[in-house]
Amino acid sequence: MEEEEEDYMSDAFINSLQDVRPGMSMPRRVKECYEKEEKHKEANIKNRQQKLKDVEKEKRDTKLNEALGNENKGFALLQKMGYKKGQALGKKGDGIVEPIPLNIKTGRSGIGHEEMKKRKAEENLESYRRKIQMRKHDEEQAADDFRMRMKSKREEIRLKADLSKSQRACMLLDGQKSISTPREAWYWPKMNEQEADEEADEETEEDEDLVEEELSTLEKLQILTSYLRGRHLFCIWCGTTYQDDEDMESNCPGDTAEDHN
């Protein structure tokens with residue numbers, strides 16, 4: 001029985017064929033093989049190009065390292081002018097001996113681009129250094145300002161403590177001498193509101209407050225300690241009442257806290 005001929009127009013035959021129409025995606029295995037082959041070709045081309053560059057460089061370096069012979073017209077002319085092989089250039093013989101190396105440009109950038117790029121990098125580095133220095137200076141200045149503020153704050157606390165101590169001593173010593181009213185309202189510690197209403201007139205208080213507000217803590221301390229030393233021969237830092245001026249002059253270091261440190 002004769003085999004039936006295939007019907008090339010049948011759906012079964014057409015569906016069995018691979019669809020290779022333009023624009024249709026290839027099977028995954030075929031695509032991978034194709035990409036692998038392309039990468040292999042590219043690698044071979046790059047290797048050949050690299051080998052060619054290496055060969056050219058080797059030949060160039062070999063030629064450049066060879067000394068010029070007498071057959072070279074330029075070298076022969078130098079010899080006629082008195083130059084000897086291996087001699088340094090210049091009248092004094094202190095010039096270069098080796099030729100200036102040849103710098104082969106392989107990039108696509110224009111002439112002067114590398115120099116400009118190098119200069120730009122140096123400028124950026126210098127700018128970065130300046131910023132670092134400025135930041136360091138600002139940080140040091142901020143630290144100094146903070147230390148000064150803390151020092152001023154501690155100093156103000158100490159001055160207020162010394163003033164309070166002086167006010168209490170003044171009230172006690174004035175009382176021992178039957179002085180019932182302080183020379184200035186702030187010479188003594190502040191009384192509570194009830195005592196103040198009973199002891200002082202409102203207008204007088206307002207005038208004294210104005211004077212008090214004009215004085216700093218340091219100024220008040222200087223005035224009050226001077227009063228205590230002159231009126232009562234008392235030093236708050238020594239904590240001593242002296243017998244007379246001579247006794248105070250001989251035994252008290254001075255009229256400030258620093259003198260007693």
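Every residue gets a Cβ built from N, Cα and C, even glycine.
Features as listed in Swiss-Prot:
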REGION    1-67  region 'Disordered'
COMPBIAS  29-64  compositional bias 'Basic and acidic residues'
COILED    31-65  coiled coil
DOMAIN    70-116  domain 'G-patch'
REGION    88-124  region 'Disordered'
COMPBIAS  111-124  compositional bias 'Basic and acidic residues'
REGION    184-213  region 'Disordered'
COILED    190-222  coiled coil
COMPBIAS  194-213  compositional bias 'Acidic residues'
Reported mean pLDDT - the coiled coil (31-65): 75
Residues of the compositional bias 'Basic and acidic residues' (29-64) by DSSP state, where helix covers H, G and I: 36 helix, 0 strand, 0 coil
Helix, strand and coil counts within the compositional bias 'Basic and acidic residues' (111-124) (DSSP): 12 helix, 0 strand, 2 coil
